[in-house]
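In what follows, a single structure is set out as structure tokens and then discussed.
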Amino acid sequence: MMKKNQTMISEFLLLGLPIQPEQQNLFYALFLAVYLTTLLGNLLVIVLIRLDSHLHMPMYLCLSNLSFSDLCFSSVTMPKLLQNMQSQNPSIPFADCLAQMYFHLFYGVLESFLLVVMAYHCYVAICFPLHYTTIMSPKCCLGLLTLSWLLTTAHATLHTLLMARLSFCAENVIPHFFCDTSTLLKLACSNTQVNGWVMFFMGGLILVIPFLLLIMSCARIVSTILRVPSTGGIQKAFSTCGPHLSVVSLFYGTIIGLYLCPLTNHNTVKDTVMAVMYTGVTHMLNPFIYSLRNRDMRGNPGQSLQHKENFFVFKIVIVGILPLLNLVGVVKLIMKYHSKSVA
């Protein structure tokens, strides 16, 4: 039993990334570019789907939700990482740490559910094309999305409440760049058995079951595609669901590499690199995968935006000018710190 006079900690120290001091500014510029690209790319996908009437379909409603989730998921960890990379005291208050853990769980699990919903869309579109509009009605799509948000809220709230009841009284150094659930459990000085069981049980429901559903839907999709006699039908099917399969592989590939590899192969550097891939890089690549490999995203938005001159100008500014301004700012930042180090 914990002693009453034992001091309770009020903040944690985030060790951050295992980067050499001379490489700090280079990686800061790299992560800043990744974060800005993630924000602009996913925001552009959301705006394009909203403005183009040809994309007002269940599949693209799910895609806009996925882009919003990617945008928010990166914003949970990347700004704090960038701040701590330029700070001499990379601390985070206990309440802020719980909030970061909550939103990290929320948007991570939400993406898993959204990928399952989108896989179901692809499955119906390819395996039952004549009944697609009947099965995937707007009401059905909205119901699946609402269920995903509700289940995600319950999952993140449960873990956060269980974490809030724990006591942290000794070690307050987190060997990570964000407040990860498993890392916080190792620092607790009270009984974490309930948290461990809930994490094991909920992890199976939240990750394993959606992953199995994705595997089964992909297997049915591939078998249906292989039975299509015409080359045009195969190309259309891959154009519809090829980007989604790429995103699924990227998302679950990083999770498997981070959490499901043999424990003997785990080390801090490897786990940190995989966590950066999981929290930053995958969400940056998602809008590019959907835009470059999906014919609807490449074709119809351009035709629609030509009739919206104001937004067309806005698009040119976002895509063309802002990256140049960001690049100039990054170069100036590197030169400033380089001159200080030389002096």
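Glycine is treated like the rest: Cβ placed from N, Cα and C.
Per Swiss-Prot, the topological domain holding Leu98 carries the same name as the one holding Ala164, which places both on one side of the membrane.
Looking up Cys97 in Swiss-Prot gives a disulphide bond whose other cysteine, out of Cys169, Cys179, Cys189, is Cys179. Residue environment of Cys179 (disulfide bond) contains 24 other Cβ atoms, counted within 10 Å of its Cβ in all protein chains.
For the transmembrane segment (29-49), the most Cβ-contacting stretch among 108-128, 142-162, 196-216, 272-292 is 272-292 (pairs under 8 Å). The residues of the topological domain 'Extracellular' (129-141), classed with DSSP into helix (H, G, I), strand (E, B) and coil, number 11 helix, 0 strand, 2 coil. Of all the Cβ atoms in the protein chains shown, 22 others lie within 10 Å of the Cβ of Cys97 (disulfide bond).
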